[in-house]
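The active site, proton donor/acceptor annotation in TrEMBL covers Asp203. If you look up TrEMBL, you'll see Glu19, Asn153, Asp203 marked as divalent metal cation binding site. Among the features that TrEMBL reports, substrate binding site is placed at Arg103, Asn105. Under the heading domain 'SMP-30/Gluconolactonase/LRE-like region', TrEMBL lists 17-261.
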Amino acid sequence: MRNLGQAELFCDVIGTLAESPVWDERRQALFWCDIVEKKLHSFAPSSRTYWTCTLADTVSCLGLCESGRLIVACGMQILLVDPESDTVQTLVTIPAPDALPCRLNDGRVGPDGAFWVGTMDGGPFSEIRPKGQLWRVTANDIRLMETGLTCPNGLAFSADGSVMWHSDSVQQWIRRRRFDKETGAFDDGRIIARPTEEDGRPDGGCVDGAGRYWSAGVSAGVLNVYDDDGKPFNKIRMPVPHPTMSCFGGEDFRTLFVTSHGNKMSEETRTRFPHSGGVWAIPADVQGFPAFRFADGA
């Protein structure tokens, strides 16, 4: 990684709990969400065009669709949102296990054209139970893929679609799996890391063009980078204490965008880090690749 001293705010929007950055190469714009503020955002740097949309419940993650719409996790619903018209369509509601109060958390469109999303207990973070699940959502079907999770996070896929990365922020593991992009099947894989306090709780993740996995250490103010085999490759200090997720974008996919949060931050810490909740842009010496798109029948 180079030019870390040149990390700068991507735009003037400072939220509460920014998450799920996705670069749209068609619009040349970055989309992201704010879980607590229940908002979607986008900003196109070349035209300085900003868009936002407020939804009815927590907005935890999003992906791009083949049609140009967004697929969005909102509460326990999967929505299709058109940024051009602001129309919102409910695709499906994910059932909560044992009728527990739950919400959707991290998610991503996979190389199979499906939207992969996790659920978690909706209680206080310190008290949440291992009732989380992983779901695979298509335009016509939903399928439960995994149970026994607590705070599922870090979903990401390699450029060729053969590797799936996944983490759990409470159980404190990062797992690398083999993935079949034709069927959506994956193996148990192996746990490649159990992050320490210095690494931080594993939050959102992304994969670069070289197959490396970039995991946000949300409680330690760092990005932890692992090589394609899962070995530690780099640790990058961020200018804010709580980075939440990263993605590659820009015209050549050589800009690393990193969301952050300032949720429940003390006044003292907020004064020291006033841009917590913003999105950061960092020049990178490795290239990313376009996000996979949800097959919405367009």
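Using the three backbone atoms N, Cα and C, a Cβ is placed for every residue, glycine included.
Around Asn153 (divalent metal cation binding site), the same-chain residues at least 6 positions away in sequence with a Cβ under 8 Å from its Cβ are Asn105, Asp106, Gly118, His166, Ser167, Asp168, Ser169, Pro202, Asp203, Gly204, Gly205. Within the same chain, residues at least six positions away from Glu19 (divalent metal cation binding site) with a Cβ under 8 Å of its Cβ are Trp32, Cys33, Asp34, Ile35, Ser60, Cys61, Asp106, Gly204, Thr244, Met245, Thr259, His261. The divalent metal cation site is defined by Glu19, Asn153, Asp203, and by the 8 Å test on Cβ atoms against their centroid, the other residues of the chain that qualify are Ser20, Asn105, Asp106, Gly154, Ser169, Gly204, Gly205, Ala216, Val218, Thr244, Met245. Spatially close to Arg103 (substrate binding site) yet at least six residues away along the chain are Asp57, Thr58, Ser60, Gly75, Met76, Thr119, Met120, Gly122, judged by Cβ distances under 8 angstroms. The predicted model assigns the domain 'SMP-30/Gluconolactonase/LRE-like region' (17-261) a mean pLDDT of 97.
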